[in-house]
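Database features (Swiss-Prot):
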BINDING   LYS48, LYS90, HIS186, LYS218, ASN315  1D-myo-inositol 1,3,4-trisphosphate binding site
BINDING   ARG125, LYS175, 207-218, SER233  ATP binding site
BINDING   ASP298, ASP313  Mg(2+) 1 binding site
BINDING   ASP313, ASN315  Mg(2+) 2 binding site
Amino acid sequence: MRLHGEVSFDEDEEEVVMVPAAALSSSPLNGGAVPVTRLVVGYALTKKKVKSFLQPNLLLLARKKGINLVAIDDTRPLAEQGPFDVILHKITSKEWQQVLEDYHEEHPEVTVLDPPNAINHLNNRQSMLAEVSDLNLSSFYGEVCTPRQLVIMRDPSSIPTAVAMAGLTLPLVAKPLVVDGTSKSHELSLAYDEASLSMLDPPLVLQEFVNHGGILFKVYIIGETIQVVRRFSLPDVNTYDLLNNVGVYRFPRVSCAAASADHADLDPHISELPPRPLLEKLGKELRGRLGLRLFNIDMIRELGTKDRYYIIDINYFPGFGKMPGYEHIFTDFLLNLAQSKYKKCLSGG
């Protein structure tokens, strides 16, 4: 199978003439500044990811900045392709992960975005939020925590008893335990009453529902850059809802399918973005703990509070194409990687 999305350009477009990366080993140029070179980025993405991420505005800007995006063919040995400066990937198969790990062992000079073992940490919702719960990020700017949750591996009939023993409060949000890149793994269910809990389908994670004004903050992290957008989310649940609703209500991928809330006429107490210093501290901590540079955080603010936030999901290499100006942020990120690597080589590191 060939991974989709080979990048090509019209022959009559102006060609950018650049010094090959191999020339860097001869002598520093520009008084020690990073010399002009073409950065080769190999990508291994699904057809869906190619379409959403490698948009024309990104391809054009990358070319202008000297970034060469090359599709990786997984029917050929990876060592026979390239050479690459960076490998960008989002393929979930164990076979691909092993290929990538073997390649990186032979070519440690190639930057892999991101390491497969670090990505795997986010493929399980139990381990996903464990790092957040250990952060202890209470500060002047606010408190960051996670909803109380319970993992159910099997036997739906045992769920009501397990929930009662854990002391969780209804309603509960049910999410598949494993995140495998499919739309089904991002579906949500909302269970209103105890009797309906046995209708759920393990393995899953149950989280206490936190009223948040129906607004979700998607915090995109690309390296050290952070950008936040608002999305409409599940509506708040009140006492009337609990008394008059029974059963399980199923939802698609809410934060992805919902329209942007950035320009909606909202109560400022609900729509106000989390403080920038808090997000920067959170981003730095999670980059270090997760070992990732491309991810996003789904965050909500508890209704009626100004500074209590809950992280409800973390996603690797999310839909950056929906983020305003993503092409500038992402190409700058790639160039900064190259600059950091070059400076490290100059210093003998």
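Backbone N, Cα and C atoms are what each Cβ position is placed from, and that goes for glycine too.
Our reading of the 1D-myo-inositol 1,3,4-trisphosphate binding annotation (LYS48, LYS90, HIS186, LYS218, ASN315) yields a largest Cα to Cα distance of 21 angstrom. In the three-state DSSP scheme, ASN315 (1D-myo-inositol 1,3,4-trisphosphate binding site) falls into the strand class. When secondary structure is read from DSSP and collapsed to three states, ASP298 (Mg(2+) 1 binding site) falls in the strand class. Close to ARG125 (ATP binding site) in the fold, though at least 6 residues off in sequence, lie LYS175, PRO176, LEU177, VAL178, VAL179, VAL205, ASP313, each with a CB less than 8 Å from its CB. When the binding-site residues HIS186, ASN211, PHE217 are screened for a C-alpha within 10 angstroms of the C-alpha of ASP298 (Mg(2+) 1 binding site), the residues that qualify, in sequence order, are PHE217. Looking only at other Cβ atoms within 10 Å, the busiest spot among the binding-site residues ASP298, ASP313 turns out to be ASP313.
The two recorded residues, GLN207 (ATP binding site) and LYS48 (1D-myo-inositol 1,3,4-trisphosphate binding site), have Cα atoms 29 Å apart. Among the binding-site residues listed (ASN211, GLY213, ILE215, PHE217), PHE217 has its Cα nearest to the Cα of LYS48 (1D-myo-inositol 1,3,4-trisphosphate binding site). In this structure, the CA atom of LYS218 (1D-myo-inositol 1,3,4-trisphosphate binding site) is 18 Å away from the CA atom of PHE209 (ATP binding site). DSSP assigns LYS48 (1D-myo-inositol 1,3,4-trisphosphate binding site) to a helix. Within the same chain, residues at least six positions away from PHE217 (ATP binding site) with a Cβ under 8 Å of its Cβ are VAL228, VAL229, ARG230, ARG231, LEU273, PRO274, ASP298, MET299, ILE300, ARG301. Of all the binding-site residues listed here (LYS48, LYS90, HIS186, LYS218), it is LYS48 whose C-beta has the fewest other C-beta atoms within 10 angstroms. Considering only the binding-site residues GLN207, ASN211, SER233, ASN315, the Cβ with the fewest other Cβ atoms within 10 Å is that of ASN211. For the pair PHE209 (ATP binding site) and HIS186 (1D-myo-inositol 1,3,4-trisphosphate binding site), the C-alpha distance works out to 16 angstrom.
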